Amino acid sequence: QVLPIVVFFSTVMSMLYHVGFMQWLAGKVGRLMQIFMGTTPVESLVAAGNIFVGQIESPLLVQPYLPYITRSELHAIMTAGFSTIAGSVLGAYISFGVSASHLLTASVMSAPASLAASKLFWPETEKPTITLRSGLQTARGESKNLLEAASQGASNSILLVANIAVNLISFLSLLAFLDSALSWVGNLFDYPQLNFENICAYVFMPFSFMMGVDWEDSFTVGGLLGYKTFFNEFVAYERLSKMIHDREKGGSMYINGVKQHMTVRSEVIATYALCGFANFGSLGMVIGGLTSIAPSKKKEIAGGARRAMVAGTEIVTCFTGMLTVPGLEVPCHIFLGNAFNSTDFPDNSTELVECCQQLFTSVENPQEIFPGGNYSLSSWKGCCQILHHSTFHC
């Protein structure tokens, strides 16, 4: 269900590239970043291109200028590639159930944020050679007409689709093997719940908390960051989508002591944090791809790629916590009363599901509910109808 979307987006992007729209759009966005951020034309154009295309395709826009760029510019180009995603896989993540608006915002926001983070990691100490003010001459597509461009886009997606499918099969099977092996080792020390996600969660938990994730969700988001870093973002988004669907269906918050889903704010921050190609698999792709494009920069590419990956993963996502604030909270008993006392039955919204979950959870402490008369009978009936809860509660 997911992979055909990649083929479609790849075809559309190829057609837009043929007519010159992508080059024009990337040039305008890059020009704005150049003016407001003071960056050079080459790194600005590549960062803008990464909003729409992948980390290897975007540098092709300025391929003739790559041998003449500085080390700081090269680092900025690689950082932008690690901190953004390609338009061809954007539709795949949306089909998982991840918020389209947040994915689009993350992809656009990461372009200027990557330049800022890159300059913190590797400030410009040289004098840039390419300082054109009128815009760079970008590369054009090789197709002769629009139909050929569509055909080439579809053909080019074969390798991408095969790469995604094979990597998912290999990484998920490898992950299952690691979890089984770690669980076996954990049994020897009376800790059978030991798995790869738990190890990653402990490592990345401080980073997720610094990004603004609630402390009770930091462990879960840390595990997702580990999946993204050591495997790829597809595996992490697949796991995140399960949590989102489980929350929307009103599933139990904990099963056997393991948290099954998070708050909406933590999901939003996780969506931004996972939106990028910063993983060890992409590290090899960047080194190999950029070296083939600019052989004269081979030593600088190999020396700065690891630093660029670090700059493109945690630093960029720290902007998310500052921009994501909790919504205005309304007490659940008031919210449910207003929702179920209306003439029309309310939609199954996120706030409605969370309040109903709180209602069923609080049944363990009835003294907090019934003496004050907080929750009406209509609230109980409505929540039972939405969540299909157990007969005991309803």
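Every residue, even glycine, has its Cβ placed from backbone N, Cα and C.
Range with TrEMBL annotation transmembrane segment, chosen from 74-96, 97-119, is 74-96. Sequence-remote contacts of a segment are chain residues at least 6 beyond its ends whose Cβ falls under 8 Å from one of its Cβ atoms, and for the transmembrane segment (158-178) they are 3, 6-7, 10, 88-89, 92, 195-196, 227, 231-232, 234-235, 238, 281. Residues of the same chain lying 6 or more positions beyond the ends of the transmembrane segment (74-96) and with a Cβ under 8 Å from any Cβ of it are 1-3, 5-6, 8-10, 13, 39, 42-43, 46-47, 50-59, 66, 103-104, 107, 110-111, 113-115, 117-119, 121-122, 157, 160, 164, 233-234, 237-238, 240-241, 275-278, 282, 286, 290, 297, 300-301, 304-305, 307-309, 311-313, 316.
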